[in-house]
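The structure appears below as structure tokens.
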Amino acid sequence: MSLQRALQYLWDAEPHNTDHVTPLFCLGQVYDADTSLKEVNDDTEEDGIVVPLDTSNDTSWPPDFLADVQSRIWLSYRTGFPLIPKSDGSGTIHLGKLKNMIRGGGFDPRGYTSDVGWGCMIRTSQSLLANALLFRHLGRGWRWNKGDDFVYLSEGNTESRGGESRNGGANKEQETAVSEETAVSEETIISWFLDSPDSPFSIHKFVRHGEKACSTPAGDWFGPSAAGSSIYALCNEFPDSGLKVYYNGNGGGDVYEDELLETGFPLLVLCGLRLGIDNVNPIYWDSLRQMLSLPQSVGIAGGRPFTSHYFFGFQGEQLFYLDPHQPKPAVKTTDKDTTSFHSSRIWKLHLKEMDPSMLVGFYITSEADWETFKGSLTASKEKTSSQIVHIHPSRHNIPSFDEEDEYVSIGGASDDDFVDVTKRARKVAAMTGNTGSGRSSPSILDSHLVTETRDIIESVPPRKRVDNDLTSAPVDVPKPVQKRSQSHGDWEKVEEPEEEMVEVESMKGMQDNGCSAEYGSLVDRDAEADDSTLSTETTDRDWVV
């Protein structure tokens, strides 16, 4: 670990439990924030007088919640692993990548022996997948202890110790799915993620798929789309994982039920989302928290701008996450110690600081569990200001848009080619200028394109739906278009040629590989991963998270 990183780690003090009222959530389990403060009895007795226990200064986390957090598999930066060769045609290593190599423990002109500075999105995506596999093979009640032993909590034991499922039926489904399976241990699951070219879910395999299917060279940052595409492909290549994957490669929160049911169970459902321009639009905060409170949740790979985290829970408006930016030596395939894959450290991030690009995962055990999941989304529809996951009977059976529909789609099917606008979002956008969406927003964040995007959105009549075309196609824009004058705040009508069309750039080549254009923030690939300097120039830059 570099001196800078060590100082940052020490400076970033671990958050304490200062809210003893608001419940704590961890992947569908809810915990009383005050349970740790009542270890034996709520009261103490002094000279025959019952005195309430003073808990006002206690800042510890409830032990049941902490045990659940420690049991999550945590993938992070590693150093000293077998070489990941430079991508074909890459003759040089830029200064930014060279600095990351040195930070990661050394320089090798042939490629990378550490992912420090560029692998955080891969690590958080690995964490999401690893915990889905943990649920698949060991169940939701499994708990990790240091050493070779572990604790398994049945549903009843979980409730008695303070953790409750938001849906007991889903927990029973998960326990049934693993009741007869003991061959796959936690050690086995972690071995699938070790940093070796032979491990099925290693960083080497993620990078290989990113190069082949997503045009992401070794040493470059992944976005949610490349991460989701990699998980989908690698699980298909390794059926021994016992987990199938449904991933809508076009991005967004659209889930097509007929395709999902054909995939089979147990199933990991992945949704790549973008919920705003610079930050998550507040109208989606309730939906995000609801996603993490579902018993099917396996977390979110996302983060703050330029930095990816693995989000597993929340308390109020604070999200809990595991941070992959803690470099550790690579674990050898012969090492059975799994301690470095677990953490008792809890990080918090307010929803307003969260980057809008993310990969959301759900573990579905069976068709019955799928029906339960759908019911949970339906029940919460009236409680949340805007849904972020939309379930359709099929890709070709999406109802036409009217006043009651959730969204209107404009443009093509790739991540960067369309925006969805909810009725509430349209109102908020008119007041705040934030055109965040439930599916995707343009990745190019310069002011010119943001203005053009807003113009297109505002030009669509409320009762008109422009359907997505699965291939790239021009989209007619109603004329005249209302545009804001550059010189003053008044609205002026600009007559455009009647034949003018908005051209949607073809992304077919990337769609065929299940990997759409990445969405995120403009960063310099030659800079360090933690740098947060935006640039208005697009030369030799990429839009990534």
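Cβ from N, Cα, C; glycine included.
In the three-state DSSP scheme, C120 (active site, nucleophile) falls into the helix class. Sequence annotations record features per position, and here Swiss-Prot assigns active site, nucleophile to C120.
In the three-state DSSP classification, D323 (active site) falls within coil. Feature annotation from Swiss-Prot assigns active site to D323 (among others); the stated evidence is similarity to another entry.
Positions annotated as active site by Swiss-Prot, on the basis of similarity to another entry: H325 (among others).
Here Swiss-Prot flags 156-181 (among others) as region 'Disordered'.
The region 'Disordered' feature in Swiss-Prot is assigned to 459-545 (among others).
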Around the Cβ of H325 (active site), the count of other Cβ atoms that are within 10 Å: 21
Cα distance (Å, whole number) from C120 (active site, nucleophile) to H325 (active site): 7
List of residues, in chain order, with Cβ under 8 A from that of D323 (active site) and at least 6 apart: S76, H309, R345, W347
